[in-house]
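Below is one structure, written out as structure tokens; comments come after it.
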Amino acid sequence: MLSVIRDPALFYQEQATDRLSGPILTVLIAAVTNVLATVILLASSWSTIAEASTYVTTAYVLSIFFGIGSVVGSWVLYSAAFHAVSAVFGGEGSFRRTLTYTGWGFVPIAVSGLIHAGLIFLRVREAIFPDSAQQLGPFVQQLTSGPLFTMASLLGIVFTIWSGVIWTFAMRDARALSLRYAAATVALPLGIWITWRLYSVLSPLL
């Protein structure tokens, strides 16, 4: 798995196959690491949440499953977008291969999730959570805001760009494209996501 980070070009040329087991594991790890922060917050405030209504408890627990589903869903959506855009450049190859090769590119996203979870852990370690469920939402919002978390969000975008570099080599080999066309294939859908993400992170500061 780490070889795709060290040398993605060599990895896709010599090690990547159409088997889905490795990419599925990679995406699931990325999904789990990206909900670790939520799990830490949930565990730290469970005594307050447990005393609230069943609806509140269910909502918090479901947010974890939705978080995992969003990462898995983004894998499929990115793969579909890359497959469609690459077809414009004359790309050849099955969607299964596109899906498989795209999955390996989620390694940096997993690292990003670990960093965010680490920041949350450091914040909650000394935090005193409120006893009232009504106060919990504003408290968590305040706990997870500030310059440090803005930087963490921007760092998450950097890690996504890192994934984009890996996906460029992935599309070159999965869809038999030149490196230039592979970069264009990845840049279009990823650029849309990065623009939206930058807006969501920076707009509260403007």
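Even glycines carry a Cβ here, placed using N, Cα and C.
Curation plays no part in TrEMBL annotations; they are all automatic predictions.
For reference, TrEMBL has these:
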- 3-192: domain 'Yip1' (DOMAIN)
- 20-43: transmembrane segment (TRANSMEM)
- 55-78: transmembrane segment (TRANSMEM)
- 99-122: transmembrane segment (TRANSMEM)
- 148-169: transmembrane segment (TRANSMEM)
- 181-199: transmembrane segment (TRANSMEM)
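At the 8 Å Cβ threshold, with sequence separation of at least 6, the transmembrane segment (99-122) comes into contact with the transmembrane segment (20-43) through 3 or more pairs. Sequence-remote contacts of a segment are chain residues at least 6 beyond its ends whose Cβ falls under 8 Å from one of its Cβ atoms, and for the transmembrane segment (20-43) they are 1, 49, 60-61, 63-64, 67-69, 71-72, 75, 96, 99-104, 106-107, 109-114, 116-117, 119-121, 124, 140, 143-144. Mean per-residue pLDDT, taken over the domain 'Yip1' (3-192), amounts to 90.
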